[in-house]
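What TrEMBL records for this protein:
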- 207-221: compositional bias 'Polar residues' (COMPBIAS)
- 202-221: region 'Disordered' (REGION)
- 41-57: transmembrane segment (TRANSMEM)
- 63-84: transmembrane segment (TRANSMEM)
- 120-139: transmembrane segment (TRANSMEM)
- 145-165: transmembrane segment (TRANSMEM)
Amino acid sequence: MEDEPGSENEGDTIVASPLAKWRIEFSRSFQNYLDRSAPNIVRRWLVTLVAAVIYIYRVYSVYGYFVISYGLATYILNLLIGFLSPKVDPELEALDPDSLPVDESDEYKPFVRRLPEFKFWYAATKAFVVAFVMTFFSFLDVPVFWPILLCYWLVLYSLTMKRLIVHMFKYRYFPFDVRKPVKLLKFLVHSVLTFLRLKKDDGGNDRPSSSNSCQGNKKQD
């Protein structure tokens, strides 16, 4: 049987197309950049802060797109809830509270987030960029009385954070590791006190020698 026309090396043609090559190379380069930026937490969040400032300035300058801003703020709030919540909800899964980090007297167990910090940063930064691009489409500028949206978002934020804090107290967990800063502070205090004590001892050892030299000079006189 003869091969059908166009069937030969069809897969190679798709892979070898310039658009497919560009997409593969761009995807690899972008993923490589994300991997290299993962340890740089401060720099990554500074980029997000710059994107947020640019978006706020854009909305302020055109005085519009308040519905987009409300959706963006609600989305960021949803990401924040995932960042502060445990991966497995003890209320739904009947999880033993001992699996969460509690008091210092208990054995330390790391807090596993439902939304990791890197994914939180990436989603928030992408949201600001997408929202900024959307402000250039006039049909998305829906007229609305923005103070109502602001008040509604503040109420939503207050109720959500209240429920989250109550959940933390109920199951005795804290979403941040404060042990390392406390240990570092104790180490610094101990180092300073040790340095001051050594300096004081050196000063005490120097005084008798100086007094003895004075007494020797008097005897010679």
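Residue positions begin at 1 at the first shown residue.
Positions of Cβ are set from backbone N, Cα and C atoms, glycine also.
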Cβ-Cβ under 8 Å with the transmembrane segment (145-165): same-chain residues at least 6 beyond its ends: 66-67, 69-70, 73-74, 77, 81, 84-85
Residue numbers, six or more beyond the limits of the transmembrane segment (63-84), whose CB comes under 8 Å of its CB atoms: 55, 113-115, 117, 120, 123-124, 127-128, 131, 134-135, 140-142, 144, 146, 149, 152-153, 156-157, 160, 164, 175
